[in-house]
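Notes for the one structure printed next.
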Amino acid sequence: MKIQKKLTGCSRLMLLCLSLELLLEAGAGNIHYSVPEETDKGSFVGNIAKDLGLQPQELADRGVRIVSRGRMPLFALNPRSGSLITARRIDREELCAQSMPCLVSFNILVEDKMKLFPVEVEIIDINDNTPQFQLEELEFQMNEITTPGTRISLPFGQDLDVGMNSLQSYQLSSNPHFSLDVQQGADGPQHPEMVLQSPLDREEEAVHHLILTASDGGEPVRSGTLRIYIQVVDANDNPPAFTQAQYHINVPENVPLGTQLLMVNATDPDEGANGEVTYSFHNVDHRVAQIFHLDSYTGEISNKEPLDFEEYKMYSMEVQAQDGAGLMAKAKVLIKVLDVNDNTPEVTITSVTTAVPENFPPGTIIALISVHDQDSGDNGCTTCFIPGNLPFKLEKLVDNYYRLVTERTLDRELISGYNITITAIDQGTPALSTETHISLLVTDINDNSPVFHQDSYSAYIPENNPRGASIFSVRAHDLDSNENAQITYSLIEDTIQGAPLSAYLSINSDTGVLYALRSFDYEQFRNLQLKVMARDSGDPPLSSNVSLSLFVLDQNDNPPEILYPALPTDDSTGVELAPRSAEPGYLVTKVVAVDRDSGQNAWLSYRLLKASEPGLFSVGLHTGEVRTARALLDRDALKQSLVVAVQDHGQPPLSATVTLTVAVADRIPDILADLGSLEPSAKPNDSDLTLYLVVAVAAVSCVFLAFVIVLLAHRLRRWHKSRLLQASGGSLTGMQSSHFVGVDGVRAFLQTYSHEVSLTADSRKSHLIFPQPNYADTLISQESCEKKDFLSAPQSLLEDKKEPFSQQAPPNTDWRFSQAQRPGTSGSQNGDDTGTWPNNQFDTEMLQAMILASASEAADGSSTLGGGAGTMGLSARYGPQFTLQHVPDYRQNVYIPGSNATLTNAAGKRDGKAPAGGNGNKKKSGKKEKK
């Protein structure tokens, strides 16, 4: 084997070697080798490593390989020796047919440099094929009158070899009538012709046997033979004649099968069988005979198989016309195949990278691509491109090779992968294209820091929270992937009130959930400022911080604290002064309280929980100011005890109470005289309170029983008197005065009333007059200190018992008692101001029974409730005895629940005031009652 060079001479050889080395370094030189055909597999072709300037061991390291297109590889690289060897047995006739020289072209790729080196290997022909004829025997007829010199074309032999190994000569067996003349054709092959040397005589010899031998020029010589049988017939003096000596037609390669391409025509002036012309192919290639069909009677030439411009661009054939007597004529037919764009470009990806990091610089090579189109001309010119919206570009190399490179830096967070469509299109009409897809994965690098969902966070936690309670959750996301996006959370250490932040809070490193490590106190601190850090797991790791404001929410965990009046250390109560001349609304004192909580939990409201004289004082709901609700009277006790409750608005509400002692006096000596009485009484123990409750319940039960008995007796008495009035028709001028007792739950005062009933014999109507009593106990609502007008009862109240009290008015809602004003011990009172007293009909009837019982006992002079003459009723049971001279005159109306009558005091009558009439509705008066 040797490398063939075009230049000769030592100097030229050296110059050529130097030029070859430079061309190889630039990747644009051609390397030429030659090898005989039919060489065994693995035969040496050339030292490719030496010609590339590389060492044999560098072939594998630098990725040197053969790049061939569209065929089985004929050659291979021996990585150990660095030589080019045959990959299989090579048949030159299979590769190149009759073409000379037979060149096999391919490229050597140096992958690390992405360089291509074109290589051409010439396949040298050897004499491995024998000349052959298409027919083993040839029979034809000749007229005996054929003139000498007539030429008869003989089939030519075919030898697949080329050069000297191809067919070189023809020989005809000896015969006195025939000789051989070989014509050199214009297109190359030799055409043997048999020449008639002397006239034929059928009677002398009817059949002539000849042998035509075709020999090549190889060593040793190979030859093939054709047996010829010539039958001598009678004379036919007119051979067929074609209308044209040569026929030419252009046919597109995509013509349908069976299309009539051409019609040849030959005529023979003879008659009968001598004038009948038949057509046949003469000396055509077997491939042409497979593609085209010639109708032997009509001369039509059609295609039996598709035409392929890429296989044959021109078909040349000879058509022979023969009459019935054996005379023949020949014509040449040329069929030129026109190329059409029927082949799409072929895209081959020679080398490709499937993954690239996102931080690789622009110009990174992704793939090496080759494009080929089997068409010719513009139909074979191709263009390769990719979509313009991709960060890639195609760079054209030599010999329709392209490389795909990055045009700019990739960003995985925007696009994590690309499906690159490579389109190859030719310039034919219509243009054909081919698409090839390359999938490229962009691998991630840690180039993004974690990002919190908010710029800052605010969290709220109620105080007194349990330890370990979940407070808040922060979340961050990382645009990276896999480990670069795995986030861990931590608190940036800080100091709060001398203690580390980790003593107060902790965070779950995986979920970002904050937990309280201690119970927070709103009164200690109200908010915490901290920073949370999110860090990914990349290399190197990236992090970001966010501010978190943790606000402690107040809970109602502090009761109100009363600042004034301050509790003395000796358990005594302070004394506030109120002159008896004070007008309603006079500011006695002010209860001052604070609450350590905040917001609604620190909103305070004040109310009078208990008072020794209900209705005398009022407390501002929001100010805590203690004011007089009415004018002070002489009968008001010097010492007034008030229990004020202060309550916040938390849930649940908390409260505190304070006891006030108010001294009512106009002069200082009055206060000094009774200074000893202002000492606070000792608190009864639980057993005394229980005893008082038992005694009170027993007393109420006895009074109720007495009330029932008295009520029955009263009803019987009224019924009896009404019968007497109806019978006698007389009149009653008066009735004995009765005594009524008003009960306020604290004291019972004996009150004497007189009333007069006037009746006539002819009329059942009468008028009942209620004069004012000596005094009346007054129950005033905390919400109002207004005086009420008196009520008068019409005679209808005294009518027959059979008439129902349908005109009875409901109790006036202005005379409702707060819970603090209801009868009972002080320990049974509560702060609910929504109820009314009496609560139900039972309580109302019980109170009426107590009043009637007390009145009956006073009228009979046998009352056991009083403490003696001039004393208050029930005083022996419920408290110390006081004379009537010490009891102040309230001059207020006393309303009996369940009745539409009002008891007026006697003072009104003494003052010359007539009782106001009414129908059960009270009239309000804003004027102060004069003494």
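Cβ atoms here come from the backbone N, Cα and C positions, even for glycine.
Note on the domain 'Cadherin 2' (134-242): DSSP counts are 3 helix, 54 strand, 52 coil. Summarising the annotation, Swiss-Prot assigns domain 'Cadherin 2' to 134-242.
As annotated by Swiss-Prot, domain 'Cadherin 3' applies to 243-347.
Per Swiss-Prot, N-linked glycosylation site is recorded for Asn265 (among others), and the stated evidence type is sequence analysis. The Cβ of Asn265 (N-linked glycosylation site) has Phe242, Thr243, Gly299 as same-chain neighbours under 8 Å, each 6 or more residues away in sequence.
What Swiss-Prot records for 348-452 is domain 'Cadherin 4'. Residue counts for the domain 'Cadherin 4' (348-452) under DSSP, split into helix (H, G, I), strand (E, B) and coil, are 4 helix, 54 strand, 47 coil.
Residues or ranges marked as N-linked glycosylation site in Swiss-Prot (evidence: sequence analysis): Asn419 (among others).
As annotated by Swiss-Prot, domain 'Cadherin 5' applies to 453-562, with the evidence given as sequence analysis.
Per Swiss-Prot, the feature N-linked glycosylation site maps to Asn545 (among others). Within its own chain, Asn545 (N-linked glycosylation site) has Ile492, Lys531, Val532, Met533, Ala534 as residues 6 or more apart in sequence whose C-beta sits under 8 angstroms from its own.
For Asn685 (among others), the entry in Swiss-Prot reads N-linked glycosylation site, with the evidence type sequence analysis.
The topological domain 'Cytoplasmic' annotation in Swiss-Prot covers 714-931.
Look at Swiss-Prot and you will find 805-840 tagged as compositional bias 'Polar residues'.
Positions annotated as compositional bias 'Basic residues' by Swiss-Prot: 921-931.
Model confidence over the domain 'Cadherin 5' (453-562) stands at 92, taken as the mean pLDDT rounded to a whole number. Mapped onto three states, the DSSP output places Asn265 (N-linked glycosylation site) in coil.
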